[in-house]
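Peer 1: Below you will find the structure I want to go over with you.
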Amino acid sequence: MLFHRKFNKLTIVILLLILLLCIAKEAYSYSHNDSDTEYDYLNINKENPELRLDDIFTEDVVHSSKQRKRVEDMTLMWKTTILRVPDAVWVLQPFHDVGVNTISAFKEPEPASSDHGYLNLDDINRLYRKVFSNQKDKNFAVSLSERSAKLVNMTDQCEIDITYTLESLMEFDESGEWAFQMFDAAGKLTSGFLKGSFQWLGSYKECIDVSAPQGVINGTDVTFGGFSGQYCQSSWFLKIFGKANIPLNIGICVPSSCRSDKIQKEIKSLWKKIGSIPILNGVTKNLSPSRVVCKSDSIPWKTGDIVVLVLFSIIGALLVMGTTYDVFQRFYFDKRENKVCTNNQLGEEKHPIDQSDSTAVQSKPGNVEITISSPHSAHFSNPECNEAVNTINNELEVYVPTEAAKSDFDVVRSDSLTESFFPKPRKSALLGAIGDILLCFSVYTNGAKLLDATPPKGQLGCVHGIRFLSMSWVILGHTYLFGYPLFENFLEVLELVNTRAFEAVIQGPFSVDTFFLLSGLLVTYLFLRESHKSRTTWFKWVYFYVHRFWRLTPTLMLLLAFDAVLWKHLGSGPYWPEEGTEGTKCSNYWWRNLLYINNMWNQTYMCMPWTWYLANDMQFYIISPLFLSIFKSHTLISVGVVGGLMLTSWISTGVLSSVYKLNSMFMQLRDAEALIAASNDQQAYFNIIYIKPWCRIGPYLVGVIVSFLLYRTGKRTNFLNKWLVLLCWLIAAGLCLSVVYGTYHVDMSNSTTSLYNTLSRTAWAVGVGWVIYACVTGHGGFIDTLLSWRFWIPLSRLTYCAYLIHPLVMYWYYLSSKTTMYVTHPLMVINFLAFTVVSYSLALMASLAFESPMMALEKFIVSKIDL
């Protein structure tokens, strides 16, 4: 109730401000020669030609009976159309207190003809004719050249154009239509203010479409007009409960000759004058102007933008050439060679293996090469023809690196997990090494492997489903989080999300812990599985790191370059940031992303803030040899290292949470007061705990432990007692459900909150870890069937690029909006599905353009040095 009472008062104050600004606008008009006959009732006269807007509050500017009568008529008009109350004089009474003599003109008019004190339609029509009947009078609508004579004394073009706009607005005919368009495009108080409608945007498109006619004052070189509309957004901070500032944005349409700093200076000067009124002093303390940002019609192209565009064009050309060369070799050159072999063979004898899908496996020192023949391959008895066909025929070769490289797994996608994911480039039969490099960029070959849904043997099939579903959870949470600045019913949204069911969306950050779990699981699992095949040398350990860096970095940096310099050219609107979503952060701090140390700084100084996760994952990967290298020879020591790291993480998180008294993110969303009270805590939690590796390594280490267990289990399945299996499922479900739903409307002490922050993410990882262990060992039942569905496999491979791209898609959609958004759950579900589809579609394109070619190039280089 306190909140609503404050906003009821604010509504009244806003109406006062609108009334005040209307008076100020009229006062900005200038006088004509005959003050006795003029209708410029709030303007300067001959005796006081320099009276300005600021003097309205201290000077009596009503000089004639006609002016006074017009003020009375306008007052009656305001009462009739805005206030709709019998007694409106109280609205203007505060001006008496500050000595504004013009208030004497605002006396209560005679009672209207209707008995109940309100004006009927006939009264309104009569009043309108009474106020505006003389609009065509020559004394009221003086010629533009005469009324613009005072512009000669102005030196600032912005001031000239604003004066011209105000005068044209009072024309009331077609000549001033463009000025009325500017006024109409400006933001105004809308309904729903008490529900959180703090964005009064106006009409962006209507504003920028304004074109003012140009003119020159006779006998001078002073020009006016000839400008276009420029949309600006005035930002204010509204303080409620004395604790937090709510941003209030108001769209204004000004001449294109005006700069942001000029408009901002005038607004602050006017607001300072308003603050001098005692009755409004409290308003100015709780509502303060912040800044004015004007939008450009087009964003200029800088040198860096052009360089990145050229780089992307080169990559596009390589994709076209590589794909064209691949298709030509497959469908023209290969057929010709097959025909030559067929004609030269001594006799046709089918290979013992049928011509349908066949696989031949050859072992090489240090690696395994798997050749998958095409269903259309022919096998001949002539060895020479066989060799020729095998060299250039329609084959796909897959290079599986040694244990050091195979142990490299990304949290969101791993090429080792899908052995046939990245094909080794087909051998070029025409251009040699250059052809081999071009084939690395073949969309045809890479696309076939990306979209292949055949479950590879010896893999953890359930991981594909877990990975995609976790990424979908991230997108769902970001759908609500990224769009909140546009929410028209922000306070109503707090009620929509204040349900136990919605906790599943609010607690979406636990999906990131699932990715950490998968990362630790896969790195350890494949390293242990392959470590017995060959001895691990120091060179292979170097390649262990190089391979990881090469897999992640090219795609990351190319998308970072796109975000930093090209993304800003994709849209426009009142929310659109002309410097891009990152501003200057990427140009200043991109090297932190390159070195994967960007999580060591606060979010304010992070380029692509969502990549904090990659920094953590790379840091975990770097220290993984501490326990991987000694597991087989010193198992207890390896387990002890893992346990020590886990204990250190718990202690660090608990101490930081207790000392800084941090609440977990998104725990307090019950109402506006709780949200405001927790807003600063949430930001501190993000910077101190959420993105720091010493607080987030717990789930990664759980993944390592699950891998140890799978390694010890071997190939055994269905070996656990069914009651034990049921108990483990109940414990896992209890852990996951408790950390997600357990904090709903619970007031926890500082010690309890610290305990929750310390153990909740590890507990979640333990629950998901059991799901993986049960599915792999045959205790998963229908859950294993669902998570191992082959449909997830292509989507799982695209998760890394989808993770990088989906925030850019959301920013583009939300920030290019020309209006606010009234939020409902059905609308957000539709947005979520659209974001998922678009993000994964673009992820496919990014993977084909960046990720797959880079991995194919790596395999080509490795094959040359025979690693």
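Cβ coordinates come from backbone N, Cα and C, glycine included.
Annotation source TrEMBL lists domain 'Nose resistant-to-fluoxetine protein N-terminal' at 155-286. The signal peptide annotation in TrEMBL covers 1-29. Here TrEMBL flags 306-328, 466-487, 507-528, 549-567, 610-628, 635-660, 689-711, 723-744, 764-786, 798-815, 827-850 as transmembrane segment.
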Peer 1: Is the transmembrane segment (689-711) packed against any residues at least 6 beyond its ends, judged by a Cβ distance under 8 Å, and which are they?
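Peer 2: The answer is 509, 513-514, 516-525, 528-529, 599, 603, 612, 615-617, 619-620, 624, 627, 631, 639, 642, 645-646, 648-650, 652-653, 656-657, 662, 665, 757, 761-762, 764-766, 769, 772-773, 776-777.
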Peer 1: In the same chain, who gets a Cβ under 8 Å from the transmembrane segment (466-487) while lying at least 6 residues past its ends?
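Peer 2: Hits for the transmembrane segment (466-487): 196, 199, 247, 412-413, 493, 497, 505-506, 508-509, 511-512, 514-515, 518, 575, 768, 771-772, 787, 792, 795-796, 799, 802-803, 806-807, 810-811, 814, 817, 820-821, 823, 828, 831-832, 835-836, 839.
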Peer 1: Take the C-beta pairs under 8 A between the transmembrane segment (764-786) and each of 507-528, 549-567, 635-660, 798-815, 827-850. Which stretch has the highest count?
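Peer 2: Maximum Cβ contact count belongs to 507-528.
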Peer 1: Report the DSSP secondary-structure composition of the domain 'Nose resistant-to-fluoxetine protein N-terminal' (155-286) as helix, strand and coil residue counts.
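Peer 2: Helix, strand and coil residues of the domain 'Nose resistant-to-fluoxetine protein N-terminal' (155-286) number 58 helix, 32 strand, 42 coil.
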Peer 1: Under 8 Å, at least 3 Cβ pairs, sequence separation 6 or more: does that hold for the transmembrane segment (306-328) versus the transmembrane segment (549-567)?
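Peer 2: Since 3 or more Cβ pairs under 8 Å link them, the transmembrane segment (306-328) and the transmembrane segment (549-567) do come into contact.
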Peer 1: Which of 507-528, 610-628, 798-815 shares the most C-beta pairs under 8 angstroms with the transmembrane segment (827-850)?
Peer 2: 798-815
Peer 1: Tell me, please, if the transmembrane segment (549-567) and the transmembrane segment (723-744) are in contact, taking contact as 3+ Cβ pairs under 8 Å between residues separated by 6 or more positions?
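Peer 2: No, the stretches stay apart by this measure.
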Peer 1: What residues elsewhere in the chain lie close to the transmembrane segment (610-628), defined as a C-beta under 8 angstroms and at least 6 residues from its ends?
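Peer 2: For the transmembrane segment (610-628), the nonlocal Cβ contacts are 407-408, 410-411, 512, 515-516, 519-520, 523-524, 527-528, 541, 544-545, 548, 552, 556, 560, 593, 596-600, 603, 638-639, 641-642, 691, 693, 696-697, 700, 704, 803-804, 807.
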